[in-house]
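Features as listed in TrEMBL:
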| type | residues | note |
| --- | --- | --- |
| ACT_SITE | 332 | active site, proton acceptor |
| BINDING | 398, 402, 403, 404, 405, 406, 407, 408, 409, 435, 480, 531 | CoA binding site |
| BINDING | 431, 433, 444 | (R)-carnitine binding site |
| DOMAIN | 27-584 | domain 'Choline/carnitine acyltransferase' |
């Protein structure tokens, strides 16, 4: 059994979902003074001294007894008392639904799974059938609330996100989006959508007695779908979902005026998940293969390739290429890590004749045709602008930092700080996501990897006259401490956001700390990073969050590390391959540094 786990160091214990959820603590509101102090410390390495002084004064003003800060803090604490989670609704809105850039590249992460040993449609469909059956097994655990509860460091984690990823979809709006979830409907969906050659099909995956179809039954249905979608000249209606959210919102309203279109769109939105049977991508050499697979998962390669073979608003889409390239892409609003997928062994049972999967039809008016053309052009511009390098660092993995009694994640983050500093000659605001799943409905907070200690270390690293090991040790420990603080709900970013949104909700004047240059600098994350450990050799990829930034995702295995680095070609200063190379050099240089230093000094 292959199981793909997108979790870190978790143990699972079966338990009833709701009883478990109610036992979880609520997300705390950190103390105001603590956040203000930590905010100043986080700004120190990234803003100039004058700015810092100005911000220090604003923070003193903000914290005065009986002042603005105290009032907003009380408001947040009240909100915390009456809500399950004071942050989750706000976060969903501000981080995702109000965000107007395309979800493609800018928001939705892709995951590349290990390459499969098939290169024809039979292999592709056989694998797709096993995968669908595996996800249905997983779904039955969700439906029966027998999904084993996960623990991290002995503490139970919130399982809510697993209940959000199936039968859900994002709906575009002209100003803000919404998310719909059909899991709790009186008649929950029993179909998935399959898309092949830009054509969508409804595939019922349950028999009339409620049992899921077997692998063999699914295979037969997929073959029917394949054979009735051989034309390759169909309009790629799905590409509309890749456009800027306001444009797609307008096109959507226009698209669903037609009853047939509305029914087809609704069938996709309601489906449990989507399976994309992709055409082969242009051939790539072995060393470029992973990178090409990464872009196939993230954007599909452009309108000539597989970008129209998607419905990017769908929470979960599995992508299976005819050439053995497999993975998934997920819409980020409902959940963080994609759910666990298990592939069951083949099951053979007697065959019942199944009805033909229903093809979804779209009536394409000249106006919709124009919307499709615009989305194609924008997608192709995005594809040309997107720069990615997926690489395997094969010299060591978690094993080496562990042998040095250092946290592997902190070790990799310090190497990343060094790599960035060597290229850009400065430190930058760095985002690493930390899970808040110890709390009810918890999502994420930010680990700010750039610290006063990391700054000292990277500046000293290439200076032969400075003793560096102690500085590295201190920087790694500072990162570890920030991480622990973040997962306990004591980081600064979500708290500051909460104070800002509380002011907006109170219709009060926005406090000056939020209109300060330092705040804008602090939120301009030139490095957006995430550790996504998985037990299998997969790698996750996502785009940068700012135009002159990088996206860096890594999966540290025992003896190697999988990296995906992204950037935009339109920015002259950034280059994904260059950062990937600098990262490799930095990891090796830090290892050399530690090996040359007698242990007694540590």
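Cβ from N, Cα, C; glycine included.
All features noted in TrEMBL, drawn onto the structure.
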{"residue": "332", "record": "active site, proton acceptor", "contacts (Cβ under 8 Å, 6+ apart)": "96, 103, 107, 108, 109"}
{"residue": "398", "record": "CoA binding site", "contacts (Cβ under 8 Å, 6+ apart)": "408, 556, 557, 558"}
{"residue": "403", "record": "CoA binding site", "contacts (Cβ under 8 Å, 6+ apart)": "none"}
{"residue": "405", "record": "CoA binding site", "contacts (Cβ under 8 Å, 6+ apart)": "none"}
{"residue": "407", "record": "CoA binding site", "contacts (Cβ under 8 Å, 6+ apart)": "401, 476, 479, 480, 483"}
{"residue": "409", "record": "CoA binding site", "contacts (Cβ under 8 Å, 6+ apart)": "479, 483, 531, 556"}
{"residue": "431", "record": "(R)-carnitine binding site", "contacts (Cβ under 8 Å, 6+ apart)": "446, 447, 448, 449, 525, 527, 528, 529, 545"}
{"residue": "433", "record": "(R)-carnitine binding site", "contacts (Cβ under 8 Å, 6+ apart)": "336, 444, 445, 446, 447, 529, 530"}
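One way to see the shell of the (R)-carnitine site is to take the Cβ centroid of 431, 433, 444; the remaining same-chain residues with a Cβ within 8 Å of it are 432, 434, 445, 446, 447, 528, 530.
Of all the Cβ atoms in the protein chains shown, 22 others lie within 10 Å of the Cβ of residue 444 ((R)-carnitine binding site). Cβ neighbours within 10 Å of residue 480 (CoA binding site), excluding its own Cβ and spanning all shown chains: 17.
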